[in-house]
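Data first, discussion second: the structure below is written as structure tokens.
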Amino acid sequence: MKAFAIALLLIASPVLAEPPTPPDVPLSNPVQEQRAKAVMAELRCLTCQNQSIADSNAAQAQAMRMEVRERIAAGEEPEAVRAFFVERYGDWVSFVPPAREDTALLWAAPLLFLGIGVALVARRFRR
Amino acid sequence: MIPELGHLALWLAASFALLQAAAPSIGLWKRDEALAALARPAALAQALLTLGAFAALTWAFWVSDFSVKLVAANSHSQKPDLYRFTGVWANHEGSLLLWVLVMALAGAAVALVPTALGERFRVRVLSVQAFVSLGFFAFLLLASNPFERLVPAPTEGQGLNPLLQDPGLAFHPPLLYAGYVGLSVAFAFAVAGMLENAVGPAWARATRPWVAGAWALLTLGIALGSFWAYYELGWGGWWFWDPVENAALMPWLAATALLHSIAVVMKRDALRAWTLLLAVAAFSLSMMGTFIVRSGLLTSVHAFAVDPTRGLFLMLLMALYIGGALTIYALAAGRVAEGRQFALVSRESALVANNLLMSAMLGVVLVGTLYPMALEAAGGAQISVGPPYFNRTTLPMLFVAAVLMGIAPWLGWRRSGTGHLAARLLPAGVAATGIVILALLLFGIRGIGALLGFAAAAWLGVASLSILLRRGVTLNIAGMAVAHLGVAVSILGATASGALQQEALVAMRVGDAIEMGPWRAELKDVRPVAGPNWTAIEATLDVQRNGRPVATLKPQSRMFVAPPQETTEAGRAGWWGGELYSVLGKPDGSGRWQIHLWVKPLVRLIWWGGLLMAFGGLLALGGKLRLPSRVRTVAQEAVA
Amino acid sequence: MKGKRLIWLLPLLLFAGLVALMANHLGAPQQQVIKSHMVGKPLAEFALEGVAGAPGLALVDLKGGGPVLVNIFASWCLPCAVEAPQLQALKDRGATIHGIALRDEPADVAGFLARHGNPFTRIGQDPGGRMMLAFGASGVPETYVVDAQGVIRYQHLGEIRAEHVDLLMAELEKAK
């Protein structure tokens, strides 16, 4: 029944395609554009499968790019722009994991593995 | 009828796998040699029957027999010939059948190739291998039958995901699978080695070709996958640290470490327990990778048709085999003495350093890939671990590895002097210094990461080349040097394409031009074009450098018919090992088109380096042969 | 000696841990739902133009009056049409509902309201989709409870189904 109702709606609604988004307009200042690009590459698109907003064609990624460019153009630091998005969507939105207690193990992993390895190997060496 | 025959062949092949697994186990236990020896003919029969099953499925795809459910769901009568063929493995069931086929062929090879380890060891390996195959046969026959019929048969198939209709992706999975299967042979050798207590130099010599071959195939598969992502996904990136990529990278890192540690077992009879663990880990990570890709455990940009029920089956298989192998390891590894100790400055300690770095990178990739999942399971925050994390953690290790790789081949086994090093490494040192000065002064590069990348590439490249230029190197050594050279070439490509990249994003009308340094790209035309099963809007960009025409780019926005889907096709052209890369974006409604243009210097070296690495791995299969010296003798005779 | 034995067992234990972790996660949805982290936080200043004859929407319109519902919708979004009767039901039970028309043409919004009813007191037009960021929204439709101080108190993701109406009324009550 529900499926039938949805099918009816589909027929009744003339347009169900999302309107196309306007094209990206890069910042005129190349240094700022570079900085904005770097931030975009580290923000995760909300409606995609594991893509950064820099790489996504999704409409919302486009809105987020616009926000990044405006904030960078207004002189905001890249860290502050990232914080703006994290405040709204949580740590998930940033591809840079936070440095906190609950990610200590993650950030310590390289040294931890190297350390364990060196400790294991040390006794194999002849003095 | 033919699909039914294929199905039957598959069941028979599975029965022979059962025989191959059981006969040696019972035979070796009851000391019945005749029974144990059945494993060899069983392996051959299994390979022939699996080949038959694969041929049957291929036939069904070739003639577009839509009464077979798999064909109806993944093919289309209008699909180009190549993709009707590669469509066989571009789906879950077919790829599993391919896996089983490659595995059976590897089993036949083990059964036929002469062995120095004795018949008893050979049938033990075959038995372990068949145990692993059995699980995959069960998965195939019970949970993913490729020959299932569809009644009534549809008149047309649903088509293949357009992203998969590409030569790069057509051959990327079989290469990876062949690599994984090669590692499964190493796994079988390791388990048999533990069961037979036969781990030593002879074991290492027998196992090494499988590891080297598997490593070369994995390298090719990963390089091809990266190249495909680069030109097909339309973002100009070539490595995204996506879970699916990491799933393939982890077994590669383990295989790389294994390839180096097995040399230590071979030459010095040391590091036995560690090498066994790596051999088990390499195949375990291959299975885990397949599981991650197929179960949809992690969110990936390389979207696959996923199915959690099948994921459960794969996970049980994984738990059974890996858990079993690690249990044997826990029991047997204590008996396997680690062997001799090393001097700090020696070839073997350099190989240990390689193992340390590869394993640490592997650990980091594993932790980074699974950390968000673990944190969420523990009730913590939702986080993303992306490229910034992986680059910051693995690249410094890669740099240290590259520096060591330049030095290690010059060190002797047992205890090495250091007096000769300065003279041998002088050219590499000069090259590294030179390229840094060049990058600083000529290209104005200030990024410390890029400078270190250039230095590492020059250092390793020249050091490896100077090994190749020495007299009478064995194929083994030449293979090593070529593979190391490949690493240097890839590092150079990755560094240069990143540090020297130029990019423009412009909305332009036909007749407008982009100016970017010495480059000028003019939009000549935007018009519709039609392909075999798609239509597209195609832009034509004429590119000039310093006023001279160098290339014409034709980026497209494609609409596929079956299934209806839109993709972007980058317009690319080569330029001195680098590329011009363009993407056609959306119209802005007032007659302008969004054009994204990149100049990526030396970017192709990334994949050429991968090819070199794989070629080096294959060369190393030649072992002690000294081809260059023989060539020289022939030359000398010719002169005389 | 015993400690040495345990080392050989370590790989098995680590692997068991990995399997447990994966088994736990197997079957979880691939696309995670990203909840808004703006719940409990005040909205920033904004002012949107009206559309389809309705007056526009600004932050001041949300403040002072008491808790209201803000519904993000679009004419091109099928679930938005599906939830229209529920929005009407909420309005009939006394809720004040404001709309934000996401990335839409005014004519399309008017057509949508004509077909599916107009429960909205005010409708703000958001052609660029920037209001999604203000609310921490990740999709459409989404519905928010905003209290008299302009603080987001509750987020409803996806379409409102019949069973959600009571829930939203209760959340409105809580936000008083």
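Placement of Cβ uses the backbone N, Cα and C atoms for every residue, glycine included.
Among the features that TrEMBL reports, transmembrane segment is placed at B:41-62, B:96-113, B:125-144, B:177-198, B:210-229, B:273-292, B:312-332, B:352-374, B:425-445, B:451-469, B:481-500, B:605-622 (among others). Sequence annotations record features per position, and here TrEMBL assigns domain 'Cytochrome c assembly protein' to B:89-296. Positions annotated as domain 'Cytochrome c-type biogenesis protein CcmF C-terminal' by TrEMBL: B:316-622.
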> Taking the domain 'Cytochrome c-type biogenesis protein CcmF C-terminal' (B:316-622) alone, what is its mean pLDDT?
Replying inline: 91
> Apart from its near flanks, which chain residues at least 6 from the ends of the transmembrane segment (B:41-62) lie with a Cβ under 8 angstroms of it?
Replying inline: 2-3, 5-7, 9-10, 12-13, 16-17, 19-20, 23, 68, 70-71, 75, 84-85, 87-88, 94, 97-98, 100-101, 104-105, 107-108, 110-112, 126, 129-130, 133, 146-147
> Is it the case that the transmembrane segment (B:125-144) and the transmembrane segment (B:312-332) have 3 or more CB pairs under 8 Å, with pairs at least 6 apart in sequence?
Replying inline: yes
> Hey, which of B:96-113, B:177-198, B:210-229, B:451-469, B:481-500 has the most Cβ-Cβ pairs under 8 Å against the transmembrane segment (B:312-332)?
Replying inline: B:177-198
>> Please report, as numbers and ranges, the same-chain residues at least 6 past the borders of the transmembrane segment (B:177-198) whose CB is under 8 Å from any CB of it.
In response: 95, 98-99, 102-103, 106, 110, 117, 120-121, 124-129, 132, 206-207, 210-211, 213-221, 251-252, 255, 258, 276, 279-280, 282-284, 286-287, 289-290, 325, 328-329, 332-333, 335-336
> Among B:96-113, B:273-292, B:352-374, B:451-469, which stretch has the highest count of C-beta pairs below 8 Å with the transmembrane segment (B:481-500)?
Replying inline: B:451-469
> Sequence-remote contacts (6 or more beyond its ends) of the transmembrane segment (B:273-292), Cβ cut-off under 8 Å?
Replying inline: 179-180, 183-184, 186-187, 189-191, 193-194, 199, 204, 207, 211, 214, 243-244, 247-248, 250-251, 254-255, 257-258, 261-262, 264-265, 298, 311, 314-315, 317-318, 321-322, 325-326, 329, 333, 336, 338, 355, 362
